[in-house]
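Working notes, structure below.
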Amino acid sequence: MAWTNYQILLALVMVITGSINTLSTKWADGIKSVGKDGSPHVFDHPFFQASCMFIGEMLCLFAFKIIYKIYSLRADGSEDVKELTKGNRHFNPFVLFLPAMCDMTATSIMYIGLNLTYASSFQMFRGSVIVFVGLLSVGFLERVLKKREWIGIFFVIIGLGVVGAADFLAKDTNADNHGRNDIITGDLLIVIAQIITAIQMVVEEKFVTGLDIPPLQAIGWEGLFGFTVLGLLQIPFYYIKAGPPFTSNPNGSLEDAIDAFVQIGHSWQLVFAILGTVISIAFFNFAGISVTKEISATTRMVLDSVRTILIWIVSLLFMGQKFHWLQLLGFVALLYGMCLYNGITCTLMFVKIRAWFVRLRYRNMEEDSIIENRTADLPDDSTPA
């Protein structure tokens with residue numbers, strides 16, 4: 001079945017805003033601005049950036065409230081049947097607190113890793129979540145993985161190893177002048193974060209899925225919890241001393257939110273980068289949920305892979321990354337593994353592509369037939385009146 005214009009728009013929004021979210025965060029990492037010490041330095045504030053991301057997720061809660069209000073004003077029960085608002089809207093929000101804490105921890109670690117490595121590697125290593133979700137679901141959800149899924153996990157592991165080898169063998173440093181050791185450290189931090197993300201997914205499936213909570217509302221509450229807790233944590237983080245490569249702020253602390261605000265105030269580029277993070281994550285979550293509802297979860301996975309390609313291209317063209325053929329090989333292995341795990345095989349892809357061409361061919365034949373019939377129905381000039 002061909003996509004509607006609305007579905008095409010959702011797919012484009014998901015790919016574009018998802019790419020903007022990663023690229024704007026990485027862009028901010030490399031911007032130099034005057035801080036509270038009066039000297040210019042790079043914007044190294046991963047926990048502050050994670051807080052900004054949670055603000056974007058909080059916007060989903062406001063969006064849910066607005067959409068629900070619009071539907072309820074119709075007084076025809078639309079709020080109980082529309083995909084974005086139907087479900088159990090009256091639940092204890094604290095059931096989402098543990099998943100929110102997992103999201104907060106994983107996001108913070110990932111943003112530290114993103115500051116050290118390439119944006120494309122960041123996106124590719126996030127694919128490792130499939131491995132940990134698969135293993136944890138076997139152990140805690142008593143799920144039995146199919147042979148196809150195990151093979152998919154194997155290819156994902158191979159792809160991750162190849163991408164990691166590409167980062168290790170690369171002779172260049174990244175745009176932020178981080179050396180090879182920093183880049184590998186960033187890669188490892190991203191993989192560690194995926195373990196926490198996998199725990200979040202398993203917890204949500206075990207304790208939250210059965211509650212039938214509207215997705216936008218769930219994301220919004222997790223954003224509210226994440227922003228509140230992480231915002232409060234930045235007070236003790238200001239007094240906890242840490243050094244490179246994990247932080248390079250003038251205070252020498254784990255996080256310095258005051259310095260972050262001062263730097264933003266001195267740089268319009270940082271203002272746009274932070275706004276890009278906040279706004280893009282809100283639209284990305286909305287589009288992602290809508291793609292799953294309107295099309296399928298498999299399509300969402302494929303679009304996420306397209307997002308990885310787009311981020312990789314931008315990193316090569318504008319963010320100082322150099323092409324390495326091993327990274328391409330690793331990405332192909334990652335993509336193939338994710339496709340297998342999600343039930344997309346080469347045979348299935350061939351069948352779908354062939355069916356698409358067959359439908360296109362017969363549609364053209366039907367159009368030609370319609371044209372011929374219309375011509376036959378017209379009066380012939382040679383026929384006497």
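Here the Cβ of each residue, glycine as well, is placed from N, Cα and C on the backbone.
Since we're looking at a predicted model, the values are computed, not measured.
What TrEMBL records for 1-18 is signal peptide.
Sequence-distant contacts of the transmembrane segment (46-71) (same chain, six or more residues past either end, CB-CB distance under 8 Å): 21, 25, 28, 78-79, 82, 84-85, 89, 104, 107-108, 111-112, 114-115, 214, 216-217, 219-224, 226-227, 230-231, 233-234, 237, 254-255, 257, 260, 274, 277-282, 285-286. What TrEMBL lists as transmembrane segment is 46-71 (among others).
Taken from TrEMBL, the feature transmembrane segment applies to 91-112 (among others).
Residues or ranges marked as transmembrane segment in TrEMBL: 124-141 (among others).
Long-range Cβ contacts of the transmembrane segment (150-171) within its own chain (Cβ-Cβ under 8 Å, at least 6 residues beyond either end) map to 117-118, 121, 124-125, 127-128, 130-131, 134, 180, 183-184, 187, 191, 322, 324, 326-327, 329-342. Feature annotation from TrEMBL assigns transmembrane segment to 150-171 (among others).
Per TrEMBL, transmembrane segment is recorded for 183-203 (among others).
Under the heading transmembrane segment, TrEMBL lists 223-240 (among others).
What TrEMBL lists as transmembrane segment is 270-289 (among others). A Cβ distance under 8 Å defines the sequence-distant neighbours of the transmembrane segment (270-289), meaning residues of its chain 6+ beyond its ends; these are 10-11, 13-14, 17-18, 20-21, 23-25, 27-28, 31, 33, 43, 49, 52-53, 55-57, 59-60, 63, 84, 215-216, 219, 263-264, 300.
Residues or ranges marked as transmembrane segment in TrEMBL: 301-319 (among others).
Sequence annotations record features per position, and here TrEMBL assigns transmembrane segment to 325-351 (among others).
Through the fold, the signal peptide (1-18) approaches residues 279-281, 283-284, 286-288, 290-291, 294-295, 299-300, 303-304, 306-307, 310, 359 of its own chain, all at least 6 residues removed from its boundaries and within a Cβ separation under 8 Å.
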